[in-house]
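Asks: From TrEMBL, here are the annotated features:
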- 1-415: domain 'Major facilitator superfamily (MFS) profile' (DOMAIN)
- 46-63: transmembrane segment (TRANSMEM)
- 75-93: transmembrane segment (TRANSMEM)
- 105-133: transmembrane segment (TRANSMEM)
- 224-248: transmembrane segment (TRANSMEM)
- 260-282: transmembrane segment (TRANSMEM)
- 289-311: transmembrane segment (TRANSMEM)
- 323-349: transmembrane segment (TRANSMEM)
- 361-382: transmembrane segment (TRANSMEM)
- 388-411: transmembrane segment (TRANSMEM)
Amino acid sequence: MFGYDIGISGGVTSMDDFLEEFFPVVYERKHKAKEDNYCKYDNQGLQLFTSSLYLAALVSSFVASKVCTKHGRRLTMQAASVFFLIGVVLNAAARNIAMLIIGRILLGVGVGFANQLDVTIGIFVANIVNYFVSNIHPWGWRLALGLAGVPATMLCLGSMVIAETPTSLIEREQLMEGLAMLKKIRGTDNVNAEYEEILHACEMARQVKRPFRNLMKRSSRPQLVIAIAMQVFQQFTGINAIMFYAPVLFQTIGFKNDASLLSAVITGIVNVLSTVVSVVLVDKLGRRFLLLEACGQMLITQVAIGGVLLVNLKSTNELEHGVAVWVVVLVCLFVSSFAWSWGPLGWLIPSETFPLATRTAGYAFAVSSNMLFTFVIAQAFLSMMCHLRAGIFFFFAAWIVVMGLFVIFLLPETKNVPIDEMSERVWKRHWFWKRFMDEEEQDKKDSV
């Protein structure tokens, strides 16, 4: 659902039928040769169409965590799919900008309730859909937006048949139901030892008071700073600017509509395949190696893209075909390096560094930080491209340098380190973060 939405937005906003109906100013600007290439799509309303979802997801993710704890996974998934389906209907049937924006906000609530990690597959599917519906006039964009209902329907139907986990039931003090479900899952009545372990874990979790306040304690500073920084840096690589607006970007550099959408499909394929590389190599090569290698590759490609556009793309001309193809190749190299590093590791590292006492609260901060800066980039990118022109790529390149320095000096390696040993083996041995561990023992006493 999330990935499909990221991928579909840029394709729809580049379709003439959509622009003509909702953003006629952008449509006229796009088709005037005298209009500046870099400013064709600079429109706050058009950017709000993309970005409003992520602001809604930011807020709803906090609500969703409470709903999930109190009412369980099934109800949370059902709520997510209902919000998403209502948003899909409003978007696909939209007659004015208000319907579009309200629909996007409801999609954001759905994403906030059911954020998941199969994002790259969703982006790839969306790019394929954009390519095939772009020539269906005048309602191809409605089909593209409406097909977002397919994964939401699958989630809704699945949530009706999926079983609640024993842990979720026991957390909500439905002890007999939890025991029965555990026996059903294991296929045996001999589950007493595991049942007692779950009971103990849930009891320990209940003893953790004020998790958000605990997160503000000095000993939680390393995990919190790293979790938020990973999300901020993930967005300031420029990846979502490219994935949101890939068709728009490729049209800016001279590709026609079909060619730009096909180029977006190619980057989607690269994105999916490169994510698999991360899954295979992350525990062999380590987190720091993948992040630093990607910083080097992303820096080179961002600078190269910016340099090519600075030299070759002026206000009203088009890139030569050969040069434009090279830009697509560079974008693919950039996307591949992100997809095996900052993309998945931006979520993995926060999930394995927070201790039990602050894990839920810490991950909520990570998700909300991601959504906030996704909103910022989505709302600002087209305007930044208009004002900075090719310099937008040098802007992201500068951030990549900062990211690399952060990894070198402040991000410890967490490969093969159990969560319960993270303090002793990682934070207390780190040259900088160890100074925050002095009060850890006292913090542990205060948190229960």
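Cβ coordinates come from backbone N, Cα and C, glycine included.
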Asks: For the transmembrane segment (361-382), name the stretch out of 46-63, 105-133, 260-282, 323-349 with the most CB-CB pairs under 8 Å.
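Replies: So the stretch in question is 46-63.
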Asks: Averaged over the whole of the domain 'Major facilitator superfamily (MFS) profile' (1-415), what is the pLDDT?
Replies: 88
Asks: Tell me, please, if the transmembrane segment (323-349) and the transmembrane segment (46-63) are in contact, taking contact as 3+ Cβ pairs under 8 Å between residues separated by 6 or more positions?
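Replies: Judged by the Cβ rule, the two regions do not touch, with the required three close pairs absent.
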Asks: Give me the stretch from 224-248, 260-282, 289-311, 388-411 with the greatest number of Cβ pairs under 8 Å to the transmembrane segment (105-133).
Replies: 260-282
